[in-house]
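S.K.: Got a structure for you, written out below as structure tokens; questions coming shortly.
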Amino acid sequence: MAEFGHLSVMPAEVLALLSPRPGGVYVDGTLGGAGHARMILEASSPDGVLVGFDRDPEALAAASKRIASFGDRVRLVRSNFAAMDESLATLGIDTIDGFLLDLGVSSHQLDTAERGFSFQVDAPLDMRMDPETGETAADLVNELSADELARIIREYGEERWAKRIASFVVKAREQHGPIESTLQLVDCVKGAIPRAAWEERIHPATRTFQALRIAVNDELGSLERGLVAGIERLAPGGRGVVISFHSLEDRIVKTVFRRYAQGCTCPKMLPRCVCGNKPRVRILTGKPVMAGGDEVATNPRARSAKVRAVEKL
């Protein structure tokens, strides 16, 4: 099994935006390899507390070892960050001074063939962040109708060939039985997309695999719920920082942040505010922060990363 290694994206930029301080309480909603978590703990020494969330038991076990030296300053929760509100209440934590969400699939999950996230190696078509619960990608591929499958691939993968891919998948499972492996699905996608339409730098199955992963793990729904929970729990002056990796995630982050920063929601035709809503956060990143060329050269995952941040008023 691959070692749970992970290069943290834009570590200096993230730390500057989160601005952890001694005595603060911070949430890392996507603990992963604990790279960002370790930096937060070091910056908030000697008594800052970190609550780390991950629904992947392998990630949680590896992270536990990597930050064990910080002792009782660490609380680990095996859960999706969308359940942050309930989990913090259980821990007796009322407010937090910051939260970080580093979205998407980790390099370890991609490199561990049996998890089924990668289209490069043959493996069971799984894609669950928590490999012990919920539907797999194979369940969706083999049970959904062509229309339902096309909708998922189109909406979550932004794939222009979604209808054709779904049609090929349904035809393949009808003729040859269930699609159970990653490369079986890759063959369907390659067959559906005309060779002339393949993009030079993107594998033809990239968007389909992204779409299924998002659907299997309810990534977009979890993101919105987690953002709301995090912002609601922030103390005045506390900060929320999010690293997204594709336009669907970034759109949700931008929308939620703007909603909390907007304040008044009255129609423009009204002469004065009657709703009474006040801005609850200040947006710290007018435009998303992007990785520099040097970082992208050493960590290609950073190429598509966008960082946005807010501060609670």
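Backbone N, Cα and C atoms are what each Cβ position is placed from, and that goes for glycine too.
Okay, so Swiss-Prot annotates it like this:
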BINDING   Ala34, Gly35, His36, Asp54, Phe81, Asp102, Gln109  S-adenosyl-L-methionine binding site
S.K.: What residue among the binding-site residues Asp54, Asp102 has the most other CB atoms lying within 10 A of its CB?
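M.R.: Ranked by Cβ atoms within 10 Å, first place goes to Asp54.
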S.K.: Within its own chain, what residues at least 6 apart in sequence put their Cβ under 8 Å from the Cβ of Ala34 (S-adenosyl-L-methionine binding site), listed in sequence order?
M.R.: Asp28, Gly52, Ala62, Ala63, Arg66, Ile67
S.K.: So for His36 (S-adenosyl-L-methionine binding site), how many other CB atoms are inside 10 Å of its CB?
M.R.: 27
S.K.: Let me know the DSSP-derived helix, strand or coil state of Ala34 (S-adenosyl-L-methionine binding site), please.
M.R.: coil
S.K.: Under DSSP, is Asp54 (S-adenosyl-L-methionine binding site) part of a helix or a strand, or is it coil?
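M.R.: Note: Asp54 (S-adenosyl-L-methionine binding site) is coil by DSSP, not helix or strand.
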